[in-house]
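If you look up TrEMBL, you'll see 53-68 marked as compositional bias 'Low complexity'. Annotation source TrEMBL lists domain 'Amino acid transporter transmembrane' at 114-492. Annotation source TrEMBL lists region 'Disordered' at 47-91. Per TrEMBL, transmembrane segment is recorded for 118-137, 143-162, 182-201, 221-243, 255-279, 299-318, 330-354, 374-396, 408-430, 436-458, 470-492.
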Amino acid sequence: MMSAVPSPRVNTLMAASPSLTRFGSSFLKAGSSFFLRKGDGSGLPLTRPLLPPSVSQLSQSSLHPQPVKQSTDSLAQPPRPPPGHEAELPERPSRACLKSDYIELPPPASKCSRSQSIINGFNVLCGVGILTTAYGIKEGGWLSLLLLPLLGGSSCYTGLLLKRCIDSSPNIDTYPDIGQVAFGLFGRIFVSVVLYLELYASCVEYITLLGDSLSSVFPSAHLAFTGIELNAHNLFAITMALAILPSVWLRNLSLLSYLSAGGVIATITVIVCLFWVGIGEGIGFHPSGALVNVTRLPVALGLYGYCYSGHSVFPNIYSSMEERSQFPFVLLFCFTVVTLVYAGVAVSGFMMFGESTMSQFTLNLPQQYIPSKIAIWMTVVNPYTKYALTMTPVALSIEEALPKKMQSYLVGMSVRTCLVFSTVAVALLFPYFALVMALLGSVFTMLVALILPCACYLSIKKGAVPLWEIILCIIIIMIGVVCACIGSYTSINRMISSR
């Protein structure tokens, strides 16, 4: 339910979740628009994706000018610098349908159609956040549902801003590229680090989700060894991490990409199981709950915000489209549908379980029913197949920073092993799935989905932005900053008080 590297033969299920499709983002690829490729006279290595090309590489690249992209934006383009002040980078081969350069997969036959791009958008936006929407109503009250269209509309608009940023220069293809054009090397590194931290935190959430789901199936499981006692949650969190570890050691993840391509199917299955239990098994829907809970509203804000954390993938989807002029329609359609889905699941889940709603509605499903078992195991299989794809970019970023003499396979395995164990330690230290997700939504989603797109857009398109849009962007930035501060403070305070 969080995204994926495309499998060789699955062209319509490319991004099973937001965090995993980021695996193919520019900050990890030799094919980034700010890094030259072999065959273009450069040979810049993959192991330095965060560093800009050297002066000599830029000099060589100037011999191969790159054609300017055809913009689909109606805004006037800012004037280009005179020759000699901007090094043109060579045109890179098309990355159709989110193909990752360093995964040895055959190239897709063509770019993505509009329908394929819509499916990619659904995969990106329909992630594990859907499990907590009912809990969001419990925390914030019924009026908190108004945050869904508010955040969804703002995120859809900022997604269009990212498109305009890409259209403004042939050197921009992905989110870190946008950060570099807007704010220089610092902007690229800052955006990349934010995305790495979000990926790492998503892996922590996977471990927590696995522990919660399996402990609900086997609640009496425990282990006592040399004075150390592990309850069901801790036991399954550790054992599942050990089971995941070999997949994290893999360098070629094409096998896992087949499994991870089923994010849409998994999400649909869980939703169907929820309604199946509510209607077919006689639980029913019973209106209850407060109209609004002001003190706990920031937690709901973070949970709903996390649902729209797919902006790091939107540039990849846009670049992969055959008809880029259709991107606004794709974005609007996807955000409209997923907002309705999130609202429907939230209302149905809370009406079924009321104030007893847990952080994941799957934990409320009665275990004696078949659809409940299906939903639980779907939430187990999905994180298991996604973890390695999510952690790999983080591992690569650390491996590339090591001295040359330490860049060996054994050292890489050690780095990845330490990363896996560290996510287990953090998950056991903070076993609060909803609160951690609310923190991620408050900090990372507000940054990636609201603050950074507006800031980068105003920086890149300065002089060509109408006054009303400048005011709108400033308002969105202010809303993002306020929500990030209030939401993160409330989530951290709740976690501390829960210990």
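A Cβ is built for glycine as well, from the same backbone N, Cα and C atoms used for every other residue.
Caution: TrEMBL annotation is automatic and unverified by curators.
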Stretch with greatest number of CB pairs under 8 Å, the transmembrane segment (436-458) reference, 182-201, 221-243, 299-318, 374-396 candidates: 299-318
Closest-packing stretch to the transmembrane segment (299-318), where packing means Cβ pairs under 8 Å, from 143-162, 408-430, 470-492: 143-162
The transmembrane segment (221-243) versus listed stretches 143-162, 374-396, 408-430, 470-492: most Cβ pairs under 8 Å: 408-430
Positions whose Cβ lies under 8 angstroms from the transmembrane segment (143-162), at least six residues beyond its ends: 136-137, 175, 178, 291-293, 297, 300-301, 304-305, 307-308, 311, 314-315, 318, 328, 331-332, 335-336, 338-339, 342-343, 346-347, 449-450, 453-454, 456-457, 472-473, 476, 479
Contact between the transmembrane segment (182-201) and the transmembrane segment (470-492) (at least 3 Cβ pairs under 8 Å, separation 6+): no
